[in-house]
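Novice: The structure is given below, and queries will be raised subsequently.
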Amino acid sequence: MYLNFSPEIEKRQVFLYKRLMRILAIETSCDDTGIAILEAKGDKTPVFKVLSNVVSSQQIHQNYGGVFPMMAKREHQCNLIPVLEQALKQAKLLKIKSLTKPTAVDFARPLITVQKVLEKENTLFEDIKKFLEKYEKPNIDAIAVTHGPGLEPCLWVGVNFAKALSYFWDIPVIPVNHIEGHILVNFLPKVNENPKSEIRNPKQIPNSKFQIPNSRPFPAISLVVSGGHTQLILMKGIGKYKIIGETRDDAAGECFDKCAKILGLGYPGGPIISKIALEKLRSRTSQFLPRPMINSKDYDFSFSGLKTAVLYKVRDSKLTPEFIQQMCVEVQQAIIDVLIKKTINAVKNYKAKTIILGGGVSANDELRKRFTLELEARSLKLELLVPPKELSTDNGLMIAVAAYFNRTKKKRWQSLKANANLRISK
């Protein structure tokens with residue numbers, strides 16, 4: 001019963017896109033544990049209803065100035081069941097089992113396989129055992145999970161969790177590319193002022209409709225910028241991607257974090273530098289930091305040289321509040337200058353009709369403002385899609401949206417694997 005999907009379920013899944021589809025999505029690629037439940041229906045112009053979107057962020061890494069993969073893995077193990085319970089509760093899909101079912105024997109048999117799937121996540125197995133014993137199988141059509149790219153130990157926790165649920169509940173699983181999630185969440189309009197529910201302060205999210213920004217938004221250039229990735233992606237349609245440029249060393253978000261550490265600031269560095277820089281932006285200082293590769297003819301990036309320049313500048317200067325402010329302004333402007341120029345160059349070369357931003361760095365206020373001003377100054381008549389700040393960082397909702405557009409790629413749980421170096425294009 002548990003090893004394979006029944007023929008009836010297999011047949012039903014093939015034609016699932018013709019009716020309402022309910023997806024439970026799991027995101028654990030770095031240090032955010034996210035689970036969302038999404039209802040969707042339709043093909044070319046789907047209608048989405050967000051039932052829940054819960055995220056638990058790991059604060060422990062702030063004490064260490066960065067994310068430690070094995071520590072993040074342990075935190076995911078502790079967070080997944082509470083986040084799942086909250087997501088199902090918000091979606092009104094959490095139902096306690098009746099006392100008459102299942103029998104002890106019927107319940108124990110499938111748990112043997114669940115334990116084997118989670119043999120490297122002992123803490124998670126103990127939690128999921130109690131959860132599965134207590135609650136009914138929810139009315140879900142598919143389980144989506146980020147299988148890459150990301151931190152491998154973190155990815156495997158989410159993947160194995162999805163495999164265990166898929167097996168026990170006899171529900172197919174959809175593997176999702178993390179980068180594609182950051183891109184496609186832009187097509188989900190802002191549903192309210194806080195579309196991401198913290199597990200400590202859950203909020204219900206109203207209905208939302210999917211809308212393509214104009215009749216022909218492609219080709220598009222997508223800039224995905226985060227702590228682990230900086231990529232320019234040519235998008236000829238949903239599912240049609242080509243990486244045309246990426247960082248050769250540090251990602252933009254990583255550069256923010258490392259520069260903040262050099263300046264004696266906290267983690268994550270991006271929001272801190274942005275906040276300090278905001279106080280000084282009105283009186284711009286002269287440029288004194290490099291803009292690496294800003295004039296290169298390709299679309300690649302390099303931010304390690306900027307980090308080194310900051311290190312030397314700090315070594316030769318007195319770390320006063322005024323100096324720190326100036327450095328924050330310059331670090332932010334240097335990174336933004338490079339990101340914008342490379343993106344605009346790609347837009348012109350590929351005759352793009354849309355710019356799509358994604359990733360944690362896309363939450364930066366100055367980056368958003370500068371992109372808008374740059375397009376106006378150049379009289380470039382194209383769409384600029386920027387996600388709500390709450391959906392710029394990692395979350396399960398972006399994985400659910402991407403999963404719906406990959407609904408024909410459902411897999412059996414046995415074949416699912418994590419791939420830390422997964423590419424969005426070959």
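In case you wondered, yes, glycine gets a Cβ from its N, Cα and C as well.
In TrEMBL, annotation is done automatically, which means it is predicted and not curated.
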Novice: Can you match one of Gly245, Gly270, Gly396 to the substrate site that TrEMBL gives for Val224, Val225, Ser226, Gly227, Gly228, Asp257, Asn364?
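Specialist: As annotated by TrEMBL, Val224, Val225, Ser226, Gly227, Gly228, Asp257, Asn364 share the substrate site with Gly270, chosen from Gly245, Gly270, Gly396.
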Novice: Mind telling me which of the binding-site residues His178, His182 has the densest Cβ neighbourhood, counting other Cβ atoms within 10 Å?
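Specialist: When each Cβ's neighbours within 10 Å are tallied, His182 leads.
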Novice: Would you count the other C-beta atoms found within 10 angstroms of the C-beta of Asn364 (substrate binding site) for me?
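Specialist: A count of 26.
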Novice: When DSSP is mapped onto helix/strand/coil, what comes out for Val225 (substrate binding site)?
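Specialist: Val225 (substrate binding site) sits in a strand per DSSP.
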Novice: What count of other C-beta atoms do you get within 10 angstroms of the C-beta of Gly227 (substrate binding site), across all chains shown?
Specialist: 25
